[in-house]
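Annotated features, as they stand in TrEMBL:
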type   : residues : note
COILED : 38-65    : coiled coil
DOMAIN : 99-393   : domain 'Glutamyl/glutaminyl-tRNA synthetase class Ib catalytic'
MOTIF  : 105-115  : motif ''HIGH' region'
DOMAIN : 405-485  : domain 'Glutamyl/glutaminyl-tRNA synthetase class Ib anti-codon binding'
DOMAIN : 501-550  : domain 'tRNA synthetases class I (E and Q) anti-codon binding'
Amino acid sequence: MSEKETEKLIKRWTLANALEHDGTASKDAVIGKLIAEKPELKSNIQELMGKIEEKVKEVNKITIEEQKSQLEDIGAPKREKKEEKGLSELPELEKYTDIVTRFAPNPNGPLHIGHVRTAVLSHEYARRNDGKFILRFEDTNPVNAKEKFYGLVRKDLKWLGIDWDEEYTQSERLQIYYDYAEQLLEQGKAYVCTCPPETFRSFRDEQKPCPCRGLDPAKNLARWEDMLKGNYQEGDSVVRIKTDINDPNPALRDWPAFRIVSSPHPKTKKKYRVWPLYNFSAGIDDHKMGITHVVRGKEHEVNEQRQRQLFEHLEWEYPTAIQHGRLSISGTILSKTKISKGISEGKYEGYDDVRLGTLAALRRRGITPEALKQIVIELGTTRADSTLSMDTLYTKNRRIIDKEANRYYFVPDPAEILIHNVPKQQEEAHLRLHPDDPDRGERILPLEMNNNLKVWIASKDTEKIDKGEKIRLKDLLNFKITSLEPLEGDFDSYELKDIPKIQWVSKNPVNVKVLKPNGEQDSGYAEPEVKNLPKGEIIQFERYGFVRIDEIEPKIRLVYVHP
């Protein structure tokens, strides 16, 4: 293999590796790819190390756009076809005529990345099998259900592209749960327990029945009526499902199904005071709604076993259960308690604060629903917990938005520079909206030209230049630095040269602020057309990163998406 061919191979794999990792290539990864493609290079790898290190440094200095351009010129490496990941076939399909799945959030907080896995999988399975998908609000705890979250959940699901065929709210279905409670009490499969919690716990742990367990159905129904009428206070009594008190798992021994809650409910106010607990209402609804497949996190294992006990009492067949692992994002806050506390204390702006892991925050940050759905579908129903790195999410998202995002210039912390002796006294520059799509059109940058050209560049770029160095204003001209204080230069040429390229703005720039994921902000100038962009549009500030228009009035603010 010739030296020229080897250098080309090094460059190809360095560029490819950089583009896979947010513009930063790894020397070790490049070496691995080289040897995998050309095993004969292994014997010379020590000699090639210097060239590889040099190429990695060189590639890591240029922008992602320049990396892409160079890789296109040299030709991307051929990839081995990987086995496709994705959803497995829905189990036990043959048992059911029609498939019905559900997503059942508690409206006690906004949806976050952890909810996405259950919602997407349940919806995807229903749609792939021409089935029905149900949205069910499980709001039987008046203390933590909040009116605003019903709407926020719907908004988040619609943003994800999830539509539903039927919607139910459990707080509107209490009479259904009451009817089944009375049936179980009549059959001696449930009882009203008035033991203090710590007393019952002692009986349970010792595998002994509490005194209430042996009461006859008539006495239990009388107690039930007293609960409904208000003759018991909150904490005085609960309805328990009668199970095996010798079950190896204490959590499955005579678990509670109803309790008294005196707090008003956001929807039903003070109409009800006896409320079902999760396992009772969820179990009844799964049967009544004809759910065929229950998709949920593996942390619900005990809940599933409790619900199976309920189904046995009622002589129902339990749906097919699919359990998956947890999904979280590193470096983000998902706890509803911490989020609510942070908002009330003024630490966070709201549920869409860019430091949070809520769907509202990810949406504001320019993360697309397509990226999230791709990740969930690739993970499938594996029971392994998955902590998603932001880099992985960024890589997915970039592939989606890169071809759609128009390009603009932004100079953070701007520094003025005057370029003398510019021959063409033009009033404006015409630049492509997207380098790979000439048909998309152009954007116009006005130029402050009066024999000399006045532009603004990023202060960070001024720190890297020396007197006598040649620099290119991207897509405009080349100039030579003649003075550092004040910053000035002389026109050099128009043709594209292999010299450093920097973004710039000139006449009528607009002041913008860019909010970053850590809560900090970058301030600077953007080209004038940015002020005419619609809220929510995702663009790329060249050599800076992708950003999303957060607000235009009263001031222009953008949110940083990722490199």
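Quick reminder: no glycine exception, Cβ is built from N, Cα and C everywhere.
Given the structure is predicted, the values throughout are model-derived calculations rather than measurements.
Secondary structure by DSSP for the motif ''HIGH' region' (105-115): 3 helix, 1 strand, 7 coil. Each residue of the domain 'Glutamyl/glutaminyl-tRNA synthetase class Ib anti-codon binding' (405-485) gets a DSSP state, and the totals for helix, strand and coil are 7 helix, 44 strand, 30 coil. Residues in the domain 'tRNA synthetases class I (E and Q) anti-codon binding' (501-550) partition by DSSP class (helix H, G, I; strand E, B; coil) as 5 helix, 25 strand, 20 coil. Mean pLDDT, taken over the domain 'Glutamyl/glutaminyl-tRNA synthetase class Ib anti-codon binding' (405-485), works out to 94 on the 0 to 100 scale.
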